[in-house]
Amino acid sequence: MSATSPAAVVVLAAGEGTRMKSKTPKVLHEISGRSLVGHVVAAARELDPQHLVVVVGHAREQVTAHLDAGDAPVRTAFQAEQNGTGHAVRMGLEELGGAVEGTVIVVCGDTPLLSGTTLGALAATHAADANAVTVLSAEVPDSTGYGRIVRDPATGAVTEIVEHKDATDEQRAIREINSGVFAFDGRLLGDALGKVRTDNSQGEEYLTDVLSILREAGHRVGACVAGDHREILGINNRLQLAEARRLLNERLLERAMLAGVTVVDPASTLIDATVTYERDAVVHPGTQLLGTTHLAEDSEVGPNARIENTAVGAGARVDNSVTLSAEIGAGALVGPYAYLRPGTRLGTKAKAGTYVEMKNATIGEGTKVPHLSYVGDATIGDHTNIGAASVFVNYDGVAKHHTTIGSHCRTGSDNMFVAPVTVGDGVYTAAGSVITKDVPAGSLAVARGQQRNIEGWVARKRPGSAAAQAAQASSQETDGQS
């Protein structure tokens, strides 16, 4: 913990979010690879607080399970009845044992654009000004629906926050709004919450009333104005969800470009907050970078690629393809129109070419699967070439089975490898073969019916047809040349 690290961060995530018109709790809707509350928790963790608690209510089990499945455990408190933000914070403090020594930051769980940097500035301002409470505020073009920051005309000090429904016409003209994010002196917060009343239009305990209570008790109330008002955007409907996704995507792409990644067309590129990259990676238009994807130095992806939970090696190329939970080695080539499913590991300078699908397959260094093939549940050695239109037949109707092909093999076009089967090193297979038995190293495997030509069949069985006429003309031409 640093000198300005808060003692506790309380995240409010108990509301239902009826305006989302969804069976999914509002805070679990996702943008840029994380849920709304997941983004808030990630920002809060940047402050390295001693305690982090999320107050849950609506769909308690679902939200708690989501939080438990995250990168690190999150403590939760339960607000059984939705009695307002003040009541929610009381539930959070009770989970922490009551009064907290030090700074307590309260943040809403539906503000995914809020950055750790802004939260850090709030904590620093709170400590430097020795405030009892510091509100994170913002100047916005349209303050409709937000609580207004009311200041003393003479001193500029914050006197109260008035909710939109309770504001006068004069107060509704104020453009400085409450973000719903606060820093409190933990020693004073608990007592002040106990004095909050419910005589307002909603009949709820407003957390904002704590400001007036503390100010009237002679304590200092301050504000920290956010540098970018868009950070405090709260999500209440699908329109705001889409806007937040757009803004966050722009921020993430800007960060990537400043780190040395070339993004050819940011407007058509999507990136998740969990994606990592190295300098001189190139992202072409229409590309989605999702999940825990990593782009190594000099890698190149797109156009029109979906790269999800995939490690793309240095200098590798992915063109017009989909990769899911795959590993692509340095200098490897994927696509166009390839599909790498989970468990695919493509070796250094290997190739999964046009219309190739792979699943749970390990492909060795320099090995190529160039065209029109399915490789499932397989291990292929180094510097092997798989012929076009090959199928690794891995399913017998009950269970999946594995195929192993060695190094420096050359398999013919239109082969089928019926698992379980092992093909040794240096093997050649003939085109059209169905390989059902193991092939020893250095062998040529031929597994197809012998060709039989029945001469004159077309003339006898299809007399007068175009084929028969063409055959007759060809025969006459041949006879004339002899």
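Backbone N, Cα and C define each Cβ position, glycine as well.
Here is what Swiss-Prot says about this protein:
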- 1-238: region 'Pyrophosphorylase' (REGION)
- 12-15, LYS26, GLN79, 84-85, GLY147, GLU163, ASN178, ASN236, ARG341, LYS359, TYR374, ASN385: UDP-N-acetyl-alpha-D-glucosamine binding site (BINDING)
- ASP110, ASN236: Mg(2+) binding site (BINDING)
- 239-259: region 'Linker' (REGION)
- ALA388, ASN394, TYR395, SER413, ALA431, ARG448: acetyl-CoA binding site (BINDING)
- 458-482: region 'Disordered' (REGION)
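Other C-beta atoms found within 10 angstroms of the C-beta of TYR374 (UDP-N-acetyl-alpha-D-glucosamine binding site) number 20, with every protein chain shown included. For the binding-site residues ASN178, ASN236, ASN394, SER413, the greatest number of Cβ atoms within 10 Å around a candidate Cβ is found at ASN178. Away from its own ends, the region 'Linker' (239-259) comes close to residues 20, 29, 31-32, 39, 112-113, 230, 233, 266, 269-273, 275, 277, 279, 283 of its chain (Cβ-Cβ under 8 Å, at least six residues beyond either end).
Here the Cα atom of ARG341 (UDP-N-acetyl-alpha-D-glucosamine binding site) is found 31 Å from that of ARG448 (acetyl-CoA binding site).
Fewest other C-beta atoms within 10 Å: among the binding-site residues ARG341, TYR395, that description fits TYR395. Listed binding-site residues: LEU12, ALA14, ALA388, ALA431. The one with the lowest count of other Cβ atoms within 10 Å of its Cβ is ALA431.
Spatial neighbours are here defined as Cα atoms within 10 angstroms of one another, and by that definition the neighbours of LYS26 (UDP-N-acetyl-alpha-D-glucosamine binding site) among the binding-site residues ASP110, ASN236, ASN394, SER413 are ASP110, ASN236. Neighbour density for ASP110 (Mg(2+) binding site): within 10 A of its CB lie 27 other CB atoms from the protein chains shown. When pLDDT values are averaged over the region 'Linker' (239-259), the model yields 98. Among the residues ALA388, ASN394, TYR395, SER413, ALA431, ARG448 said to bind acetyl-CoA, no two Cα atoms are farther apart than 22 Å.
Fewest other C-beta atoms within 10 Å: among the binding-site residues LYS26, ARG448, that description fits ARG448. Secondary structure by DSSP for the region 'Disordered' (458-482): 20 helix, 0 strand, 5 coil.
Taking the Cβ of GLY147 (UDP-N-acetyl-alpha-D-glucosamine binding site) as centre and 10 Å as the limit, one finds 25 other Cβ atoms among all the protein chains shown. Each residue contributes its Cα atom, and for ALA431 (acetyl-CoA binding site) and ASN236 (Mg(2+) binding site) those atoms are 61 Å apart. The Cβ neighbour count for GLY84 (UDP-N-acetyl-alpha-D-glucosamine binding site), using a 10 Å radius and every protein chain shown, is 21.
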